[in-house]
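Visitor: Okay, these came from TrEMBL:
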DOMAIN    9-271  domain 'Pyruvate carboxyltransferase'
BINDING   18, 206, 208, 242  Mn(2+) binding site
REGION    395-516  region 'Regulatory domain'
Ligand SMILES: CC(=O)SCCNC(=O)CCNC(=O)[C@H](O)C(C)(C)COP(=O)(O)OP(=O)(O)OC[C@H]1O[C@@H](n2cnc3c(N)ncnc32)[C@H](O)[C@@H]1OP(=O)(O)O
Ligand SMILES: CC(C)C(=O)C(=O)O
């Protein structure tokens, strides 16, 4: 589809230029080339690779991106001066398709205080700069910086003059993110309606996000007739950033019923582009960011998870595959319900009957109350524990420990032994020793401890501890495992599991020999 057609919106990506203007987001030459290559692969129509007069590095980047480019148009920014335009033309020279993007401010505030130029002088600069740029390349974009705060009649005169001088794209930036959607749409519609030669150029928008309206303003402008949107990956850009490319593209795709415009972007590369830009710039994407945030396709609440399992469209308006993810995630946490838990258990390869599933679910909810997020490993550890303990004759009921630098450490432990609860308090050389002594007091045994090992199931200070205890008795060794967010409870469980295994071994050799 031709970029000029009525239902085609041209995607102009300025991650490498306006995106790089984010304080701290500088990228080196090789990084810019990698991003440009991916943008081209995605089907971006115009890649603004930099501002060549700004520095030698910016010149090199535009030049290198121009050299490696193919189908995409490569743009370089230039103020309304011959020196800027010459430098941009030189940098862009190797590109098969190149665009000089020249701009000047048109708002009363910018003209008076920043440029310190009279409006008529600015108008003349528009004509001269566009004509000069056209003498260098065929494709010239002119931008009215601070266009949304420009006096309408003057803006019409500037736009008409720029088109007459040879501009093929007219960009009306909302430079300071001040516009609101209906007002901005009306401005674009007014220009297209009033400027006599408006049909000779593509109208473009470039919105900043100071009020969080960059995407809304851009889409409103598209509905009003704009056919180029300037945007950046992850919404990177000066101050609060620019309109986010992924949001523009996915909004147009998802709501084609209201906005029937095509962008030509391969949306399955969106996640890759987001990750690349975030890794290179060090600007992490907030978890709840639309389209590319970690939570954009993640569901934690039980009601939503249940809906998702029945039909993903209940809570997702786009498929994860459409943006390059393999699947949505059902995050296991304290808001999860039985349906999601059952699904997770099945996904992890376990088959539990309803009773066991209910018991495991209760334990999962207790764990989720303690942990921010319950990972797959946690669920697996919990079920292993559940399966392991189902037929145990000895169970840990309660443990409280006095630990710290003041000796002696004590452990008060309650065990259920063949259905009867027994409690004992023991002192020890450290809290683990006190706990194990309490167990031995409640379940006298000649078994010797051969191994005591602790490791964290997942990361973080709220991670579950998984403890392994090895006991030896009469030449027989058994291993017991226990997991819990409390290392001492996990230790008690591990010891008791090992004891249970010893009891089974003893029963096998002398069925009546249980002495607990
Ligand atoms: C809205 C935007 O995002 S516009 C792009 C903004 N990006 C950048 O500024 C990044 C790159 N910029 C730079 O590296 C530097 O500012 C340069 C190389 C462009 C210019 O540096 P300097 O010559 O030292 O000028 P400085 O930055 O201090 O001031 C800008 C000058 O450009 C003038 N100017 C600003 N915009 C324009 C314009 N569109 N056309 C002509 N002159 C302009 C200003 O009036 C000012 O002129 P003055 O020095 O006569 O007062
Ligand atoms: C140069 C123009 C397009 C710009 O970046 C702005 O106005 O924000």
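Note that Cβ sites are derived from N, Cα and C of the backbone, with glycine treated the same way.
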Visitor: Determine the most Cβ-crowded residue among the binding-site residues 206, 208, using a 10 Å radius around each Cβ and all protein chains in the structure.
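Guide: Highest number of other Cβ atoms within 10 Å: 206.
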Visitor: Mind tallying the region 'Regulatory domain' (395-516) by DSSP state, helix then strand then coil?
Guide: 35 helix, 53 strand, 34 coil
Visitor: Starting from the Cβ centroid of 18, 206, 208, 242, which together make up the recorded Mn(2+) site, report each further residue of the same chain whose Cβ lies within 8 Å of that point, ordered by sequence.
Guide: 14, 173, 175, 207, 209, 214, 230, 231, 232, 237, 238, 241, 243
Visitor: Under 8 Å between C-beta atoms and at least six apart in sequence, can you list the same-chain neighbours of residue 18 (Mn(2+) binding site), or say none if there are none?
Guide: 48, 206, 230, 232, 236, 237, 238, 242
Visitor: Applying a 10 Å Cβ distance cut-off over all chains shown, what neighbour count does residue 242 (Mn(2+) binding site) have?
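Guide: Taking all protein chains shown, residue 242 (Mn(2+) binding site) has 32 Cβ neighbours within 10 Å.
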